[in-house]
Each structure stands twice: as structure tokens, then as C-alpha cells.
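The structure appears right after this line, and notes come after that.
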Amino acid sequence: MSTPLDHIRNFSIVAHIDHGKSTLADRLIQLTGGLDTREMKDQVLDSMDIERERGITIKAQTVRLSYKAKNGEDYVLNLIDTPGHVDFAYEVSRSLAACEGSLLVVDASQGVEAQTLANVYQAIDNNHEIVVVLNKIDLPAAEPERVKQQIEEVIGIDASDAVEISAKTGLGIEDVLEAIVNKLPAPKEGDRNAPLKAMLVDSWYDSYLGVIVLVRVIDGVLKKGQTIRMMGTGAKYPVERTGVFTPKMVQVDDLGPGELGFITASIKEVADTRVGDTITEDRRPTENILSGFKPAQPVVFCGLFPVDAADFEDLRGAMGKLRLNDASFSFEMETSAALGFGFRCGFLGLLHLEIIQERLEREFNLDLITTAPSVVYRLNMTDGTHKELHNPADMPDVVKIASIEEPWIKATIMTPDDYLGAIMKLCQERRGIQIDLTYVGPRAMITYDLPLNEVVFDFYDRLKSISKGYASFDYNLSDYREGDLVKMSILVNEEPVDALSMLVHRSAAEKRGRALCEKLKELIPQHMFKIPIQAAIGGRIVARETISALRKDVTAKCYGGDVTRKRKLLEKQKESKKRMRQFGKVEIPQEAFIQALKMGDD
């Protein structure tokens, strides 16, 4: 079934969220007859419910399209649909490494957005040929000429012959297919008789077939019955089936050079298949290994605890299942005095955290509490050693720490001019350092250096509310810098609550401590004794609120009578309250944790 190399095109679609990339993929599949009308549904490549609901792509998907071009030749087009969100940039990087060209989809009414830039630069770094596609051309607000000029000014690629389409109505889709055939290059190199060399693009778990591995063959032929070897891990597996997605799974006899397809080989766990690894034949291995791309490193950490302690084992099982499909999600067990048993989890960013939490709650029917998200700090100890700190509650004694370094990001924000002042003020409040400000038509593009710690809480939400949803934001990690950071503990009735401790910059500690104490005062119910809520840095209290005691009227039964009798009862009540305060436990309701942790700087 191997196709001649010059008739294969491997391409991906690069776009900002909501610019219509999955809809364009739907139209391409429909036009090339990948699915008939009955099987067609919107966003056919977004297979998770959560992807459809939020209108975002999380897992990169692939599909093989057969197209008869206007020149009468038959072509095989391998499309990889990539996510647009910054958290899933590693999905984008592996998709781009398997292609030679990209379609850059830009909304003709909105123009270039921050994540368009991030992903298109990745494509340029991979030496991709880029075809510009202007989508939503049917909207009254569409300004194709302005957007073309913007693409040339901001990205620096020629957009004069951009394909103008409407993915929704199907207008111009044929022109996109012709542009793919005529402008994008065919796969390079590839010798059918050379030893097998293939790149592992992705892998996911299927309950019937085990692990399905998506591969891009570079040299040699991959077919059923071969014993393959993963060059990175040295593991060997017999190939059980080879096939392609149309987007239905279709088995084929073999996969030749330049082709994209899947294999199953009785692999039990996704962790055994490292993305970017080189696959070769065990009997006749290849000499040179492909330069794999770097695995995704977790950036944001938080604790996940079941609301009901009895669900702990279910949560462990659910996380194991999610880990099968998402190698970038990591977790380890932890215990908290306030919340019981749970897990410390690592994520690629806040959207990733939200999606994992939502999938756990939805697919496995679990009720969860998440602790405050934190980033990875580096501690330089006085004895010359270095440590990584994932959980503020585990911070060693301040005396042993020489300095603390925190991760900084380079953030690119694109916004209409009207909101520029408010956004710059927000970045300044978050300790941002302005690097650059340029204008592209009526939109401003600002570049800031920001501490990641200030972004993980609610920066994105605040940015969207300040700009009424018009600003777009993209970031990448730049480096670690020393900061004046302190651990803030929250004490309830003079007992520290580990789930609420956090590392904050000294300048913001008092403000955040006061806000958290005020919030907890509203959320913790009154007890029979007075409860102090304090925010402390080391031994110093920086904020305090007091929940007053419930008062039982102990003198109600004294009808008139001697005042000393009343005083005796009141004194007795006072004594027992004092004792209660000493030994009584404050019950902090689960809702209080959830609400307090949702709190930003508002």
C-alpha cells in the first residue's frame, strides 16, 4: 500500500484557540471522503467530551486523507490536528516534528493572536513551509487585507497569496487542498530497503488493543510480524497490526517511508513508549538515532484530595488510568493533617490542571479538593546543596536556606489599545518587568518578564476580565531568578493548616494574608469558643481575624433572684469556654477550603 514519496504530504494545522482549526479539519475530511455524511459530526477529531464542550483540542489527532488533485494525480495527505493552548505546547512540538509543512489558520475578523505566534514560531523552527489560510471570511467583521498586512508585519511571512476560506460554510476548502499539494514539500529522504527507522509521535491506551502507538516512518518498512525495538528504552515488542486513521482505524499491510500510521504491539503501559523515541527492527537495527524532543516537564503543582476519604483508592486508580494517556501528568502520594490522604500532582499549566481535575470528576465520579497551585522553587541551602521545592508545606527551616529562586516566564500579551493601561497596571502589580511594546494596527503587543508564581493563581482570569475577553496571552519559561520569598502559614485556633500554606513575595504577603483571613472568617462557622485566624511569616503574625463565639444564655432560667447566682453561672461558662478553647478542635468545612483556594487577589 506504500505511496510514492512525492505523492505524500504531511502537514499540521497551527492556530490560536477558536480560530476554526478543528472545523477546517472537519471540512477537509468531508471533502476527501474520509467519512460519509452520516458519520460526520462537528469537530470529529476532538474525541473527548471535554474537548467538544470547551471547544478546545487537547490531544493531537491524526488522519490520512486521499485526494485526487486537479492535475489528475492521487495524493495521500496526512493531517495532524494540534492543540492551540499554551499548556499543550508539547503536543504541538511532537506533531510538528512529524511534518514538513503547516497551515497557519488565522481568523479574518480577529487577526494574529499571542498563541498563533508561539505555535507558528515552533513551525518555523522545524523548517516548515507555511501556507497562510484566512478563515471566517464570511463574517461581516472580516478584514482580510488588514489581517494579511498584520501577518507580514508581526510574523514576517508572505501572506499575499493567502487562501481565503470559510470552514463553516465550506467556501474555499478545495483551494486549501490544492495549496497543500502544490506548496507544501513532500517528505525528504526515505529508503524502503534501509534498516527500519521510525519516530514515535504519540501513544495512548485503548482498553481492547492495549497501547496504540502513532509512528512516522523515515526509512525502511514497518509491517505486521516484525519484532521492533525502542532505541531509548531497549524494550522489544512483536508488531500485531499496522494501520492508518481515515479517521476510522483502517488496517494496512505495511507503512513505508514518509507515511504516518499506527501500530499495536501488546505494549501494556503508555509509560513504556517515550514520545520522540526511535523505533527500529530488532533483527536489523538502524545506526543513527533520531534527535528526540525533550519530554514535558511539570510546571505547576498542587494537591488533589478526595472530599470523602473512602474514595482514596478510587482516586489512585483513576489517576493511574489518566496517566496511561497523558505522560506529562505526574503524581505521588501525600498526606495532609487537614485533608487526609491525597496526591501531589504535577501539571503543564493551569488549563492542564483544570482539565485533569474535570476529567477525574466527570469520568470517574469523584469529588475532589485542590490545594493552592504552586510552582517549583529552587532552594540554595547554606551547606552548598540545592533542593527543589514542590510543596510549600515541606519548606525546611529558614535558617538553613541561603536563597530561594523562582521560575520566571516571558509573556506575550496582545490587546486592543483601549485596555493597554489596565493590563500594564496588572502586570506591574504582579512584579512584571516590561521588555517590549509594539503596535500592530489598532492592537498592542506587549512583552513582559513575570514570575510564574504570580501567574498561576488568577492572572489569566483577571486579564480576560480587564480586557473584556479581547486580550490573548502566551508564555514560555525563561529562567530561574532569586526572589525575596517567604512562606506564609495560616493558623486556625493557633494550629497551622498545611493545605493553605503558600510561598509569597514579601511585599505581597500582608495583603494576601489579610484577604485569606477575611475569607476564612466568612467561611468557618461559629463555635462555642472564640477562634483566631492568623496569617504568619515565620514567628511574625501579619494578619488576624477573630470569629466570635456562639453565646448560650446560661442565665435564662434565673427568674429575677440574686445577682451573685447569675454571676456564678457566667463565671462557670467563662471557665468552660477557656478549657474548650484549649482542647476544642475547630472543624473547617470542605467548602471553606474550596472557596479559600479559589480566592485570587480580588
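Placement of Cβ uses the backbone N, Cα and C atoms for every residue, glycine included.
Feature annotations, courtesy of Swiss-Prot:
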{"type": "DOMAIN", "residues": "6-188", "note": "domain 'tr-type G'"}
{"type": "BINDING", "residues": "ASP18, HIS19, GLY20, LYS21, SER22, THR23, ASN135, LYS136, ILE137, ASP138", "note": "GTP binding site"}
In sequence order, which residues at least six apart in the same chain have a CB under 8 Å from the CB of GLY20 (GTP binding site)? VAL105, ASP107, ASN135, LYS136, ALA167, LYS168
Taking every protein chain shown into account, which of the binding-site residues SER22, ASN135 has the largest tally of Cβ atoms within 10 Å of its Cβ? ASN135
Let me check the 10 A CB neighbour count of ILE137 (GTP binding site). How many other CB atoms are there? 21
If you run the three-state DSSP split on GLY20 (GTP binding site), which class comes out? coil
In this predicted model, what is the average pLDDT of the domain 'tr-type G' (6-188)? 73
Per DSSP (three-state), ILE137 (GTP binding site) is coil
